[in-house]
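J.: I have a structure I would like to understand better, so I am pasting it below and will then ask my questions one at a time.
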Amino acid sequence: MKQSSNVPAFLSKLWTLVEETHTNEFITWSQNGQSFLVLDEQRFAKEILPKYFKHNNMASFVRQLNMYGFRKVVHIDSGIVKQERDGPVEFQHPYFKQGQDDLLENIKRKVSSSKPEENKIRQEDLTKIISSAQKVQIKQETIESRLSELKSENESLWKEVSELRAKHAQQQQVIRKIVQFIVTLVQNNQLVSLKRKRPLLLNTNGAQKKNLFQHIVKEPTDNHHHKVPHSRTEGLKPRERISDDIIIYDVTDDNADEENIPVIPETNEDVISDPSNCSQYPDIVIVEDDNEDEYAPVIQSGEQNEPARESLSSGSDGSSPLMSSAVQLNGSSSLTSEDPVTMMDSILNDNINLLGKVELLDYLDSIDCSLEDFQAMLSGRQFSIDPDLLVDLFTSSVQMNPTDYINNTKSENKGLETTKNNVVQPVSEEGRKSKSKPDKQLIQYTAFPLLAFLDGNPASSVEQASTTASSEVLSSVDKPIEVDELLDSSLDPEPTQSKLVRLEPLTEAEASEATLFYLCELAPAPLDSDMPLLDS
């Protein structure tokens, strides 16, 4: 074998060992010369290896062969691997062949596949990978923080939505209750009022009139007498049926004096007195006490040929003038089926009670209680409503237009002026000489703004209407005015406007006699004092 410096020593020793003939019993070439065989491993390790490789370890020899790329050949017979420990072991390499020693230069020892340059390249790649991973991590953290912010905002938005839904539901419930309350009032045809009883007019056929508080004056004490004409043509103006109002006179004299009072017949049509008499005696309704109800004459309209006694009481002498309690009935008309006498008593008693001190305090207390009850009802009461009522409420064809309200106001003014032109019975001579009752008091009842508000009329309209009526009656003495002109003068009233009046409970200092009479514009005069008279 040619020695070559490029061939490793192990390969040279192995080639010599296989080529020598005295070692053929331990190691030799195979039959095809492509590999070599180790026949007896134990004897080869003990006898041959120490001579060539300075050791007798067969495993170390096999490891060296593997380092140079030799492979162990496995024999397969009938699919079974033969494993004989003492049998021959064959090793093969592509460049280790019999008779071709020049191929030994191609056999190289296996070295590590890692190189410094490759390690540097891998380190750079690793650095890039780590940097990219860090960037991804930063982006992930940013995304996570943004996601957490979005979650918090979403939670706050959902909370706000839930709160708004709750508020909306509460508002819907409040609106539903308000609508139920309004529809309940419309269904029952009831309005929240201050529980003030409004008297009914006895007349059921006349037009509706405004509620005006008349000026009640004391009768004159002179000896001038007025006689009522018995004929329909004397002192009357020809006109058709104007009104069916009733003037009720209370007999305030003794029974003996009542017999001397003349009976004046009343027919179905109204009687209009002379304008000169109307100016001196405005519309007066004299109310009788309860103990004298049996002597009170009642005049009913609509019945023909039924006489009734009417009189006015006056003072017998100049020392004690007559003081008569006169109250004007409210002019609101309404249909009723009650007895006129019973209804008259209740109305008169209702008006008289408003003039008392204790009754007025009770009346103001009832107003406060009504307001508190109304507030409690609005705050705590539950209302039930039929759903069909909502359709009827908003699609109702029965609605009052402002023009209808103005027409009603005009009709009320017509009724008021007609009442002013109705017959006023003059005081007879016998009535002026009769005795006066000590329990009667003549009171000048002027327009009260609070009560006018409760009656549905503003104070300005009440005072204006009262002043206009008085001036028209006083001016009729000098110049007669036709009934048509008097009616036309009241056809353009101002529309009624609602005004809010705040009621406060009275203290003990405010509930004194002078304060209460000042509030009601009543003069707390004694029974025997003289009242100022209006200019007749």
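The backbone N, Cα and C atoms fix where each Cβ goes, and this holds for glycine too.
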J.: Suppose you had to name the range Swiss-Prot annotates as motif 'Nuclear localization signal'; which of 83-98, 131-146, 195-210 would you pick?
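T.: Checking Swiss-Prot against the ranges 83-98, 131-146, 195-210, the motif 'Nuclear localization signal' one is 195-210.
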J.: Using Swiss-Prot as the reference, determine which range in 108-122, 213-227 is annotated motif 'Nuclear localization signal'.
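T.: From Swiss-Prot, the annotated motif 'Nuclear localization signal' range turns out to be 108-122.
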J.: Here are some residues: K151, K410, K420, K499. Which is flagged as SUMO2 cross-link in Swiss-Prot?
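T.: The residue tagged SUMO2 cross-link by Swiss-Prot is K151.
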J.: For the set K82, K414, K440, say which residue Swiss-Prot annotates with SUMO2 cross-link.
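T.: Matching K82, K414, K440 against Swiss-Prot annotations yields K82.
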J.: Run through the region 'Hydrophobic repeat HR-A/B' (119-192) and tell me, per DSSP, how many residues are helix, strand and coil.
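T.: So the counts come to 70 helix, 0 strand, 4 coil.
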J.: May I ask which residues of the same chain, at least 6 positions away in sequence, place their Cβ under 8 angstroms from the Cβ of K139 (SUMO2 cross-link)?
T.: none
J.: Mind tallying the DNA-binding region (7-112) by DSSP state, helix then strand then coil?
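T.: So the counts come to 40 helix, 22 strand, 44 coil.
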